[in-house]
Amino acid sequence: MSMYGRDPWGGPLEINATDSATDDDRSRNLGDFDRAALSRNLDETQQSWLLGPTEQKKKKYVDLGCIIVSRKIFKWTVGSILAAALLAGFITMIVKLAPRHKHHNPPPDNYTVALHKALMFFNAQKSGKLPKHNNVSWRGNSCLKDGQSDDSTMFKNLVGGYYDAGDAIKFNFPQSFALTMLSWSVIEYSAKYEAAGELAHVKDIIKWGTDYLLKTFNSSADTIDRIAAQVGKGDTSGGSTDPNDHYCWVRPEDIDYDRPVTECHSCSDLAAEMAAALASASIVFKDNKAYSQKLAHGAKTLFKFSRDQRGRYSVGNEAETFYNSTGYWDEFIWGAAWLYYATGNSSYLQLATTPGLAKHAGAFWGGPDYGVLSWDNKLTGAQVLLSRMRLFLSPGYPYEEILKTFHNQTSIIMCSYLPIFTSFNRTKGGLIQLNHGRPQPLQYVVNAAFLATLFSDYLEAADTPGWYCGPNFYSTDVLRRFAETQIDYILGKNPRKMSYVVGFGNHYPKRVHHRGASIPKNKVKYNCKGGWKWRDSSKVNPNIIVGAMVAGPDKHDGFHDVRSNYNYTEPTLAGNAGLVAALVALSGDRDVGVDKNTIFSAVPPMFPTPPPPPAPWKP
């Protein structure tokens, strides 16, 4: 019998019953196999033995969402990525662990090293309750009753400020000049201070001084009638034995005698210099709006007083012996220029550029000290300061004529600094004699070095390669070399191979004329005459007053490291301020010049005013 079925592919499927085995036969044939083996699943290989060739296995895939890839390719790709990551990590670990030479920044130049030290001098000169971070181990709180001990003054809180030199007197006149110079240097070279890591420090030094100046007059008023000009007394007559700040040789911390306050009611020079200090500092602190405005207001009050109550502050009082002012016209120009930059009020610029003021200040005639910037004469500084305006703002009429004169005079002064001219002599070692061989020359030299560097930077910032001295043209490099040779002399390149900045180099003055530095901090309190043994001792100072620039050598390059001779070994605020200014100007990267804009931040846009029309024509 036959049965027909349908082939799944469409053809007939014939099953022939005669060819099929009987049930018994099937059973018998199955008996030949292991029943246990047939009861479990066979793997593919075993099935292929039994059944023969089978259909080819289908590839397996991985669905990644956006694409479908072969599992084999997926595994290979992931494996390659992991292997690459492991290799990269291994290489990185080797590079990090392997010893290598670190790249070191170049060592700071001598000017930067000296700058760090020169600023420390001001920390050693602070009066009052010292901050914890003052970093002068042998100094402490001192003169905490200044003002209270003098019943004749209305200023009862005069704590703070700076001692002037090796004594404990606080003179507002040179102290204000020192603050103005420091502020000027910060305004021009803030990037260099920042690079040296000293910007916060120098601003702290300035603020310590300006906080004190604000106590010495009624800074909240618009009109005043007096200023506290000096705290302490420095009798040098030799006959008085009353305790005072010159007769007594004691540490400031041990002062227990009364310190008189000197007031002035007619002091144009002092008030205008204090105004310059506060006005320039207001630009330094322009980011602190409230404090900056307080300084600017105080500057305006002081300048108004200087103009209303004419007179020299040092007439008929002790200051005439120590810091005698020869006139106040230069301070009028100097103070007015700074007030214009601080406030933008054009009335100050009109005053600063008044030909009459310039004439009285000596701008149109020479003289032996013409071109020498000092705590007494600011004319040269004012001329450079106002030349800046002509170079960068070109205000034109009505200021152009006098600004051009100041610019020309500045150029002549710069020429006088050069060795090829004979305006000033030089020692055999090369130190310019700006004070014509008189004692204490270095304070004048550092001011000139600052102005020369600053003016050369002004010219370069104005894309001017140099300036004319008569028919000859000199590059700005010549000015900079002058400044470098003078500062290098002070730092040790001189016939004595001595640095005149304490703590710089290995050979520097060890017997500085300074009370605090010369008396050990040993809990022993000496009376006025008891400290004389330290004054007259030939031993080196027990305390190093780091950064102090001493008065300097004589006109023959000679120097005597003797404590009792202040003409050689005494440092001053004004001298160190000029040193700091010169050092920061010369320090660091030469390509980092002056800050052209900060000083003009309060100055309104300037457009040259057209000159007045000519008078109508008449037949």
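Glycine residues also receive a Cβ, built from the backbone N, Cα and C atoms like all the rest.
What TrEMBL records for this protein:
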type	residues	note
REGION	1-28	region 'Disordered'
TRANSMEM	73-95	transmembrane segment
DOMAIN	111-583	domain 'Glycoside hydrolase family 9'
ACT_SITE	His513	active site
ACT_SITE	Asp561	active site
ACT_SITE	Glu570	active site
Spatial neighbours, same chain, of Glu570 (active site) - Cβ under 8 Å, 6+ residues apart: Ala165, Gly166, Gln440, Val512, His513, His514, Val550, Ala551
Intrachain C-beta neighbours of Asp561 (active site), sequence separation six or more, cut-off 8 angstroms: Pro509, Lys510, Arg511, Tyr568, Thr569
Neighbour count (Cβ, 10 Å) for His513 (active site): 25
